[in-house]
Every structure is written in C-alpha cells, then in structure tokens.
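K.L.:
The structure under discussion is supplied below as structure tokens; questions concerning it will follow.
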Amino acid sequence: MGSSSDIVPDRSPADDVAPVTDTKIPKEEPLTLRRTRPSRACTVRAQQRLQELQAAERKLKPPKKEYKREQHRRREEVVEEDEDSEDDDQEDEENDGDDESNPKQCVAGGSSTKIITSLVPPPEPSQMPRWNLRSMWELASVLNFLHVFRPLLKINAEFSAEEFETALLTPNDTLSDIHIPLLKAIPPVTRMALTRDTWVTVLCRKIRDCWHWVAEGDLPIVALQGREIEVYKNLDPAIRVVILKALCDIRVEQEDIRSYIDNSLKTGVHLSVFRKDRVGGDSHGVNFWYEEDPLIGHRLYREIRKAEVLKVKTKGSKILPNITYQWETVATNFDEFQDVSEKLLQSSSRIEVSLGKKLVKDMLPEIEKEHKRKEKLLKKQHRQALLLDNFVVVDGLAGRSLRDRKPVRYTFDDYDKSINDAIKITKKKHPSPEHPLHRRESARLDALANGRSTSSTHPTEPVNDTASGRSSDFADYDDFDEHRDESLDRRRRQRPQRYSATDFVETVSDNEVEFQSDDDIYGEAVYDEEYLKKRKQKKLSSGSEGDEEKGDEEYKWDEDNAEYEEEEEEEEEEDSLSASEEDSDEPRRAKKMPRRETKLRSRSNDFRPGLRRSKRATRIDYQQYEFSDSDKEATGLAKRKRFVEPDEPSDETGNGDFTMGSQDSEENANDPETKSGEEEEPRDVNDNADTTNGKENNQLNKSNGTTDQEEVEGVVGKRRYLDLNELAPVSGFDDGPSTVLKDDDKTDNS
C-alpha cells in the first residue's frame, strides 16, 4: 500500500511560486526518526479509514454540463421512489439553490428522503391550544378507544370530538360523564361515592399505583384532601389528555374487555376493528389513519416519522439515528376533507394521489351525508332558539303576548260548584228508569192482562184454544220486537206483534209502592166499574139525539175509547216529545185531562187484587152482523168458530174474541191511517142501514145494562166484542150499499 503522499497531492502555494531547488527533503525520514515504537494495528486501520474518507471528499467534481445530463437521465429512469444517497445529495443541493418557495417538504430518513405535501395550514393564534391538542396522538387513541368499546363502557353522554376537545381545554361536565363510568369499572371499589365533585379524588387514588405501567414520567396529580380538584382544573390540557389515556389503558386490561375481544375474534370479527389499520402510507415513515365514527365525527390523521443522524467522528460502532414522530390532524369536517382530497390529487407522489382518489370515492359521500344531517339539526336548534328568544321579548316587539295564568287555589270551591251544577242539571231532567219504548209496551201488556179480570172467589177461566194458538205463534218474536222498537221511532215503527196474555200476567198487590198515586201509572188506566157505568149513562143520555139521527153505533164506541187515546197521546208526549214533533204529519189534538179527584176516588173505592178487565171490553162485536155476498168470506171464519165447540161456555169464546179484538184495536190505535179508515167505514155502513137503527140502539142499551149488573154480582156472562180482523175489506164498501142484519133478527125470520 502506498504512502499518503502518493494518494493525496500537495496543494500548498509554495509549490507554484517558489523556485525549484536541487535539494529535496525526504518526507518519511522525519517520521521514522520521531517514531520510537511501531503503531498498533487498530490505530493503523482507523488512520486508513479516515484517509479514504478524505480522499473521497477531495475527488474532483465532474463538469457542469455532464452533471446536468446525468441528473436528467436519472430522472427519466426513476421508477421507484428509492434512490441512491449520492443522487439525493445532488438533488438536495439543486433544490436548495433553485427555489425556496416549493410547498413540498424534504425529510431525511436515514439514507433516503421523501417528498411530503403540506396539508395543514398554520393555525391562528386563537386556535393554537386546540391545534396543540390535535397534534397529540394520545387524543386520537382516546377517541378510538371510546368508539370501539362504547357498548361496554356504559357512557350515556353523547358528544362530538369538538365538544370533547373543548372539555379538555376548559373542564366541564363532559369530562365527568366520561371519567365516572371508567373509574367505576376499575378495581378496587372505593368507599367514596363517585359524583361530579369527587371523581377527581378517586382518579388520583386509582392511577397512583398503575401510573408507571401505562405512562412515562412522574405522576402529575395526587390526592391532597380535596385540593386536587383545583389542581386538576389548572393542569395543562395536554396533561389531562395523558391522564385520560393512562386511564383508558388501565380500563382495557380489565376482564370484561379482554373477554369481549376474545369472543369477538372467535365469532369472526376482523382484527382491524380493535387494531386500527392505516388507509395509506409508504415505507419511509408516512402513514395516514382514518377514524370513522358517526357520533364523534370523521377524522383523518397523518403520522410522519423523522430519523436524524448526527455527522460526528466517532470510534467504534455506528451511532443509531434519532427517530421522532410528527402527528397531524389533517381533516375534521367536510370542507377540510374536500381541500385535502384536492391537494392529494395534485401531488407528485403516487401514494398521495391514490389516497386522494380513495377519499373522493369511498369517504366523502359518507361524510357529506353526515354533514347534511348535522346541518339540519343545527338549523332546527337555531329555529328553536329564535322561538325561545321571541317568547322572552317584551310584548308588542316580537312573538305572541303572554297569557295571564289563572290564580292558584288550594281549596275545592270550584270543584264543589261544578258538582252542584251538574246535580241540578240532572235533577231538571225527567228520570227514566227504563227505555220509554219498553215502558210503553209493558204498560200495554199489563192492560191486556188486566182485561181478563178474575175475582178471588172464582177460578181462572181456560183460554180458548184458537186464541192460545195464535198467541203462541207470536211468542217467539217478543225479544226480536223489543230490540227493533228501541231503534225505531213510535210514529215510524211497524205494528207490534201480538202477545199472549199468559206471558205478561202479573198480579197487582194492594201494598204496591209504585202505584201510590195515579200520576205514577204508565200506559192504560183501568177505572172503577161504577164510575165507568155513570160516565156511559151520561154520554148516552147527552148524545141520544145525535145517535137516533145517525144510528152510528161504532161512533159511540169511538167516544168510549177517546179517553184511552188521549191517555196514550199524553204518554207519547212525555216519552218522546222530540220524535213525535219531527215525524208526525197530523196536527195535535186537544187533550182532555181527567180530574185527579175522580181517579183517586175510583181507585180507592173498589180495588180488586189480581187480574182485572177493562171497560173497553164492552164494545160492539161486528161478528153478529151479516154482510153482503162479497163479505161472506171474511165472516165465514168467525161462524165456524161458533159451531166447532158448542159444549164450551160462552165466556171462553168471548175471552178469546176479546183478546184478538183488543190487540187489533191497539194496532189500529198506533196507525193513524187505519184509525181514520175505521172511523169512515162504519159511517158508510150505518148510512145504508137506517131501517135497523132503532132496534140496535135499544138492544145496545139493554146489553150494557145487563153486563154491568153481571160484573157487579160476580157472574160472568156471554159477551161479544169488536174484532177488526174479521171486518169486510174496503172493496166490499166500494161496490155498493150493503144491508146489515142482526143475527137475532135473522134467526127470528128464519
């Protein structure tokens, strides 16, 4: 190996200016003279290494044209981002000399460099504390922990990342809502209750023993008999973040979270759920992280690794480079994500361009949707705030005027007054224990049952077979007609079905409470027989002249029945006054109200218990007359009844005829058209039978007298009643006048 003089030329200025002399001083001789002992092998090797480095530095630089050509050729041939150190040094010198306004940063990483696009603008002075928080990777770790393990942490408070940062800068209730659930799940259980005022003390006690396991440095806060609360509020926000990060690390080591992670991985959950993977980066220490949380917010982070090597002359092994990390919060909202994506798409790095495309395609649509939802929520809150402001404003300026509140009363005067008014209103109304239709029908059926009067000394007479057969046919329709009559108005409903007297017979007791006065009697009133006899005699004596001229016996029967019709109309007016006014087509009749003294006297003088018969039973029976040839078919049925059972007593047929006749009379009383028709038809018959009027009147008076006398003595005689079902049809009267003869006269003539 040659000496150093052969490798390194002498560049001293004396070589060029001084004249050449003949004497030459050898250079190695003084060295050999000064050396007293040989150099060690390690010293020789170190000296040779230093000489080689100096020789490499002193190499002549190539010409400038050749340098540019070489640089241009290398730029065209570069496919990978990794380049040689010599080329990087040359590019560094050129970039430093060309322009200093390039927005790209060149970071040395070991033996290579990386171009990084600047994405975060310098913050404003007012936003500097928040920017310092966002530059801490511990804050991003805490937010990720809260997002992943939220179901187990039992943190009910909802907050965004910005609100969390505000709470770290200025402590508020959000910090207590986060720390209290975390402290409850960390053993040991403390005796002190965890509240908003005591959680700082519990925090100091629980992190005292575990601090050196999860953090570096000294414990920033200790329990000082309550003074630690003020100390915590005065801490730097970065220290509060470090304390919370240590608390999260302690919490993640608990059994519930570890079992949750193990069970999730066994069920097929990907590991990236618990260990965040980067969304982009290269092999030179630049990594991008994306946090997607619809509740806390979407965030994009960038981590830059810096490795610095100090150029110092050292002996021995190579010195390790000093590696540092720079953490940046690149984007926190929709607008920032749009700006970052545009910058990444314009970058010269292929990795940054691919990340920009990924942001635009996958992340921005979801972020935009969440941004619109939050905007709507903010607008709604703004409208509500405006409404509240308008309510607070003084009357007349904006909003509605305030309404006066009713004075508060702690007594029950108003309540008692309302109850008393309600009681008065209900008392004014007519009490109706049952439906009016039910009440009227029951009263009529009682009247029908009372028509078959029996004394206490005589047994009940048997009912005619034909009448009982008819009544049994209609017994099945009782329930049906009750419900149908409830829904129909009296003026509009159909004729009621016929009922048998045996179904509605009730004995009347002398001690009946409901019949204390005649005003309480509903339906048909049954008067005393003596009173009815006197009233009939008065009517016959007063109307004898008119009856002799007209000879209208049926009109007399209508006058006898006038009292029944008037009572019926009076009851209808009480039960359904409104319905009768709306539906009735006929004018009202003037009602004759019976005197109360007469009713009381007739009821108190002679009241018989049991079934009674009304005086309406003593009516003219048109079955005893014969009609014209066209009317014989209608009367043939009645004649057959008289000769079917001649051995039976005459009272049975009379009772059976009375049942049908009384029922038919009630049907016709309910129908105004039938009633008018009944009044007109007998008049036509009586006008055509003038020759027999005198005899009929005499026999009618005799029959009335005899029947009244028999009822007083308790003897039941033979009676004949009006049966409208056996009347001749209307067409028989239209054909022409027909002579009517009595059955007695016909038998005498025959």
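Easy rule for this one: first residue shown is 1, then count along the chain.
Yeah, the Cβs are placed from backbone N, Cα and C, and that goes for glycine too.
Got these off Swiss-Prot a minute ago, pasting:
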COMPBIAS  45-54  compositional bias 'Low complexity'
COMPBIAS  55-77  compositional bias 'Basic and acidic residues'
COMPBIAS  78-100  compositional bias 'Acidic residues'
COMPBIAS  451-471  compositional bias 'Polar residues'
COMPBIAS  545-585  compositional bias 'Acidic residues'
COMPBIAS  595-606  compositional bias 'Basic and acidic residues'
COMPBIAS  688-707  compositional bias 'Polar residues'
COMPBIAS  741-750  compositional bias 'Basic and acidic residues'
DOMAIN    133-192  domain 'DDT'
REGION    1-125  region 'Disordered'
REGION    450-505  region 'Disordered'
REGION    532-750  region 'Disordered'
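Buried or exposed, and what's around them? Tell me for each listed feature.
P.N.:
Residue counts for the compositional bias 'Low complexity' (45-54) by DSSP state, with H, G and I taken as helix and E and B as strand, are 10 helix, 0 strand, 0 coil.
The average pLDDT the prediction assigns to the domain 'DDT' (133-192) is 92.
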K.L.:
What does the DSSP secondary structure composition of the domain 'DDT' (133-192) look like, as residue counts for helix, strand and coil?
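P.N.:
The breakdown for the domain 'DDT' (133-192) reads 39 helix, 0 strand, 21 coil.
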